[in-house]
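For reference, the structure discussed in these notes is given below.
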Amino acid sequence: MKKEGKLRRFQELLERENKRVNLVSKQMSREELEKHFEDCLEFARYWDATGKLVADIGSGGGLPGMVLAIVFSEGKFCLIEADSKKSAFLTMAGRELNLPNVSVITERVEAIGRDDGFRAMFDFVLVRAVARLNVLVEYGLPLLKRGGLLVAWKGRNCNVELKEAVRALEVIGGQVKDLKAYCLLGGQRYLVAIEKVKETPEAYPRRIGVPEKRPL
């Protein structure tokens, strides 16, 4: 099956299973879901994940991780999802679509970030609709190699979140490298690219739940 066919089939699987498991909004129409796929694909306009190791934090229904794993079949994608029902869907979809480049981990990202098997291993970390940027920096940067990129999908409050994230970037070891603006989903959207410029201190990420409760 070609990539276009796999993308269509994945959308069908997502629509079907969303009736049983809350993967995306129950009220989302097919046309709206197609726009969310377009939103995920914005990444491919600016970066190439071919031959790269990519983590998708809070993958949920596979947006953007599964979508981009289909597009970049020569990249390796690790989909991190703590919810067992959602991770079971991701595993099923990867098998159904014959995507050997996809692995699914059912675990909190704070635990993954402290695991030597994953820490400082990835070229890209993707985050979409998970948390505010100051929290995402603590979630994502520990997973990146030095020079790797955290890419976050953000909406109209992007500039506010960037200001909030200044201290987190300084502490965790990142700096904003690029900001891509586009219009989709009824408004202004941004891809925020944060480069890991120094090693993350061993104290981070903090214990499960702490980054969100007490952001840097």
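Cβ coordinates are placed from backbone N, Cα and C, and glycine is handled just like the others.
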Ask   = In TrEMBL, Gly58, Leu63, Val109, Glu110 are given as binding S-adenosyl-L-methionine, so which of Arg45, Arg95, Arg119, Arg128 is in that site too?
value = Arg128
Query = Near Gly58 (S-adenosyl-L-methionine binding site), how many other Cβ atoms are within 10 Å of its Cβ?
reply = 21
Task = Return the residues near Arg128 (S-adenosyl-L-methionine binding site), defined as same-chain residues 6+ apart in sequence whose C-beta is under 8 angstroms from its C-beta, sorted by sequence, else 'none'.
result = Asp39, Cys40, Gly58, Leu63, Pro64, Ala152, Trp153
Inquiry  = Is it possible to get the count of other C-beta atoms within 10 angstroms of the C-beta of Val109 (S-adenosyl-L-methionine binding site)?
reply    = 28
Query = What whole-number distance in angstrom separates the two most remote CA atoms of the S-adenosyl-L-methionine-binding residues Gly58, Leu63, Val109, Glu110, Arg128?
reply = 20
Message = Considering every residue in the coiled coil (7-34), what is the mean pLDDT value?
response = 89
